[in-house]
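Data first, discussion second: the structure below is written as structure tokens.
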Amino acid sequence: MFFWLMCYLVDVWLISASDVGHCPDPLLVTDEFSSLEPVNVNDTFMFKCNEHCIFKGSNWSQCRENHTRVTHSPVSKSRDCGPPETPTHGYFEGRDFKSGSTITYYCEARYRLVGTQHQQCIDGEWTSAPPICELIQEAPKPAELELEKAFLAFQESKELCKAIKKFTQRLKKSDLTMEKVKYSLERKKAKLKAKMLL
């Protein structure tokens, strides 16, 4: 005998039967099964889902003489996707997570997107892993580079008076004031504190 099982994440319909022994009712994993009649030995039955759900596994099975099925029951799931992951320091735009819908990822200021920006929901799964938002490393400014050189010259000198003299000469040469030095040091301090908190 041959059966058709129609599923809508909950409902399954059984058609036709014979009189010899019975197999356990076919189950759609994660769903409930309602059968109109028992499944008998040598009966073949097929699973079929409505358009808004899909199943993974074989779409048919048969009841054997030892009252087991030829194949395992399929797993049924919605074609729609769950909410996507939100990357740290980022967000996505799109509120529809139905099959065929698309979302777009963005990053906060000072971060860049690494990975796929646009993702689509296809048969209950997003097309790729969520992207990440990576901090953009700022290139040092010329004044900061000159300040670094001045600090290195200060550290290399073994005599304090000579070190201070070299340091101030470098500052004057690069047109740096003590106010700019102070500001640069405060920025470095803030960056170090931020790194320590991560």
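Glycine is treated like the rest: Cβ placed from N, Cα and C.
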When you check Swiss-Prot, which of C107, C161 turns out to share a disulphide bond with C133?
-> C107
Swiss-Prot annotation, disulfide partner among C81, C161 for C121 | C81
Students should find that the Cβ of C81 (disulfide bond) has, within 10 Å, a number of other Cβ atoms equal to 21
Measure from the CA atom of C133 (disulfide bond) to the CA atom of C121 (disulfide bond) and give the result in Å, rounded to a whole number.
-> 21
Where does C121 (disulfide bond) sit by DSSP, helix, strand or coil?
-> strand
Tally of helix, strand and coil residues over the domain 'Sushi 2' (79-135) according to DSSP?
-> 0 helix, 25 strand, 32 coil
